[in-house]
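Below: the structure, in structure tokens.
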2 protein chains.
Amino acid sequence: MPVRLDRNSADFARQFADFLGAKREVSADIEAATRAIVDDVAARGDAALIEATRKFDRLELDASGLRVTSGEIDAAMKACDAGTLEALAFARDRIELFHRRQLPKDERFTDALGVELGWRWSAIDAVGLYVPGGTAAYPSSVLMNAVPARVAGVARVVMVVPSPDGKLNPLVLAAAHLGGVSEIYRVGGAQAVAALAYGTATIAPVAKIVGPGNAYVAAAKRLVFGKVGIDMIAGPSEVLVIADHTGNAGWIAADLLAQAEHDVNAQSILITDSKALADDVERAVESQLATLPRADIARASWDQFGAIILVKSLEEAVPLANAIAAEHLEIMTSDPEALSAQIRNAGAIFLGPHTPEAIGDYVGGSNHVLPTARSARFSSGLGVLDFMKRTSILKCGPDQLRALGPAAMTLGKAEGLDAHARSVGLRLNLS
Amino acid sequence: MPVRLDRNSADFARQFADFLGAKREVSADIEAATRAIVDDVAARGDAALIEATRKFDRLELDASGLRVTSGEIDAAMKACDAGTLEALAFARDRIELFHRRQLPKDERFTDALGVELGWRWSAIDAVGLYVPGGTAAYPSSVLMNAVPARVAGVARVVMVVPSPDGKLNPLVLAAAHLGGVSEIYRVGGAQAVAALAYGTATIAPVAKIVGPGNAYVAAAKRLVFGKVGIDMIAGPSEVLVIADHTGNAGWIAADLLAQAEHDVNAQSILITDSKALADDVERAVESQLATLPRADIARASWDQFGAIILVKSLEEAVPLANAIAAEHLEIMTSDPEALSAQIRNAGAIFLGPHTPEAIGDYVGGSNHVLPTARSARFSSGLGVLDFMKRTSILKCGPDQLRALGPAAMTLGKAEGLDAHARSVGLRLNLS
């Protein structure tokens, strides 16, 4: 059974604080083990990578076998169902159209003093894309990471994907092909992250690593952060549904379960001002669970982390939603836009009854890599800007230096940095 | 003596690789000590914060004394030199004008199928700004962090600054006042980072922490990353000057020393196609060092990490500059714009002989918080976007769901996520 909270119970503040503070994922202390793997690959390159792959993926390779060949990719494309390939291509096109709008503009202007200022955006040269193996190998995630990178203009998109016992998911290879991935290597875990960060004889290093992975992958990304850039550390997924009496209980239940089926640590939350809807949703969840293939996972998530929060009015839902800062927020009320306008913290908002989150997961066009575990308070979903960087530009002539120089010299001296002041003063014959 | 490399010597490739790979900072293993401090503040709040402040800053406080009062800030303003305050206000205004141009636009559009898509930017609610104490307490850095946060619309900008033996730099308090900081607490180190991340009875938690600090501060930021957002982990600063025979050796030497005086781990590099200029710059550095107050620091940096790289042509300088990916790049050649256009990796570019980096450090208007240690390959200087986050928006009606739904169902089923498919199918009467 999910927890039930009532916004207007005497003890709500404490209960809600506990609810927000509850950890859904216990991070084991695997840093030492991860560091050993990363250091080994950094020091010994391919040899260490191959040994780790033998040990963790039970796969015997030599360096020439690390890279997935174009023949294998062609074969994978042929092995996939045509309808599924078509859906992937449809998703790819929509993701591309959406993300093209995120391409930033350069800026260059001259201010009142004649100083030229601005900035220039450029793509990162090479990016690594981590793709998990096994059951969590999602072709849609390959597209969500690779397409924005290509839209940004990244020349080299390098995918790593573990191949336990030699198995690769053909749909993942197909998505990589459709998404414009440049190179694919059949390695995973901390060893793959290290290979991307430090490079080996076979795998040239990249400048940034993105994509989800298990705890070892996350720990390895933390360790190489600084040497290369990384995206967010993804946590378990969550959905928050805000609904009033107009909500369809069956549809809401289906959306809560779509979240819950991801992972036992996923979280599904309903906030409603309708006790009747709350009861109906809870019954519908039970009924739908009966016929769900991944019912065990979904039930574990719903029982352990699911929540229904009753409020007196939808106004009361706003501060709660902003505190929860959900990765996915569905609004199914009589005026979803009005409520949405009051939301500050959410990874993505799905408006109205005909926008189930699953549309955004696959074919809406927006990115499904979104901030989890309340990190929407301070971070954004993946996008084109994550694959670019900005160089600022400053240009003075003699007149501008005369206008700005004295203040710079004053501040340099005030900070005890005389060489700073002197670098200006020399040019102005002031030192 | 700085290292001298010649692009056209037989052994250049190996020498340049060694040069790029050389570590300028040895990170001591302080994670365990840092973790103990962070965990203690997370668990015991103010009491732990006060104990750590007594231990590390030799300062006896109770909870009511943690916050710097408005009276103290007024007194600090009065204690500052009027000319310096004027220069700080001038810098503040220029930083504000530049950063206003970085405010991003929201997007909302309807595609050919009638799907409404877009995103909305919003400011982070509360941000913490770490300011180092002691000799590295730079009022200019307070402005460079606080002003973009206020331009972004951050409602609560919370500054922490250690006060060793009770001492605070009046200029730092003045800059905080001018920059619009909301609250100031006289705490520092890992304990201050933990207080910002977890909150205490006195200090309400923030959602993101920015600003430079020592190794303990950096380690603490790594530890709380995920709980809150953090900015980059700053390393030692560096400048790269590219100059041809038109370069003024004295001015170039002054700029190299302005970088070197920061820190013994700072790095100053000259790339030139003129052997005569290289020799002149080296002599000018020696001559200027003789009268520099921070000559000990600057000489240690120049001797240990300084470098002069000779190239046959400026064309050869471009790939080297892109590999070095300098925090600051000064171009003093006959056509700086043409060379600049070829640079992909740099934090900031300073064009022409009258744009010494010190102008950008203080009053240019662009941000002086820039990616160090080659991280300009994958990251940008601090800006308004670092204080905002983006929420994506998706809205379908029944027709749009019919158009997109089947592909989403196909992909959901292909990924083994039947509840995803069902959440769409139920709405289309397909399941």
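Each residue, glycine too, has its Cβ placed from N, Cα and C.
Quick look at what TrEMBL annotates:
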type	residues	note
BINDING	B:TYR130, B:GLN191, B:ASN214	NAD(+) binding site
BINDING	B:SER237, B:GLN259, B:HIS262, B:HIS328, B:ASP361, B:GLU415, B:HIS420	substrate binding site
BINDING	B:GLN259, B:HIS262, B:ASP361, B:HIS420	Zn(2+) binding site
ACT_SITE	B:GLU327	active site, proton acceptor
ACT_SITE	B:HIS328	active site, proton acceptor
Among B:GLU327, B:ASP361, B:GLU415 [recorded positions], residue with fewest other Cβ within 10 Å: B:GLU415
Secondary structure of B:TYR130 (NAD(+) binding site) (DSSP, helix/strand/coil): strand
Under 8 Å by Cβ from B:GLN259 (substrate binding site), same chain, sequence gap 6 or more: B:SER237, B:GLU238, B:VAL239, B:ALA266, B:GLN267, B:SER268, B:SER301, B:HIS328, B:GLU357
Of all listed binding-site residues, namely B:ASN214, B:GLU415, B:HIS420, those lying near chain A with CB under 8 A: B:GLU415, B:HIS420
Remaining residues near the recorded NAD(+) site, that is with C-beta within 8 Å of the centroid of the site residues B:TYR130, B:GLN191, B:ASN214: B:PRO132, B:VAL160, B:PRO162, B:GLY188, B:GLY189, B:ALA190, B:ALA192, B:VAL193, B:GLY213, B:TYR216, B:VAL217, B:ALA220
Local backbone state of B:HIS420 (substrate binding site), from DSSP in three classes: helix
Rounded Cα separation (Å) that holds between B:HIS262 (substrate binding site) and B:TYR130 (NAD(+) binding site): 19
Residue among binding-site residues B:GLN191, B:SER237 with least C-beta crowding, 10 angstrom cut-off: B:SER237
Binding-site residues compared (B:HIS262, B:HIS328, B:HIS420) - highest count of Cβ atoms within 10 Å: B:HIS420
Cβ neighbours within the same chain of B:ASN214 (NAD(+) binding site) - under 8 Å, at least six residues apart: B:PRO132, B:GLY189
Chain-internal residues, separated by at least six, CB under 8 A from B:TYR130 (NAD(+) binding site): B:MET159, B:VAL160, B:VAL161, B:GLY188, B:ALA192, B:VAL193, B:LEU196, B:ILE209, B:VAL210, B:GLY211, B:PRO212, B:GLY213, B:VAL217, B:LYS221
Alpha-carbon distance [B:GLU327 (active site, proton acceptor); B:ASP361 (substrate binding site)] in Å: 12
Local backbone state of B:GLU327 (active site, proton acceptor), from DSSP in three classes: coil
Separation of alpha carbons, B:GLU327 (active site, proton acceptor) and B:GLN191 (NAD(+) binding site) (Å): 29
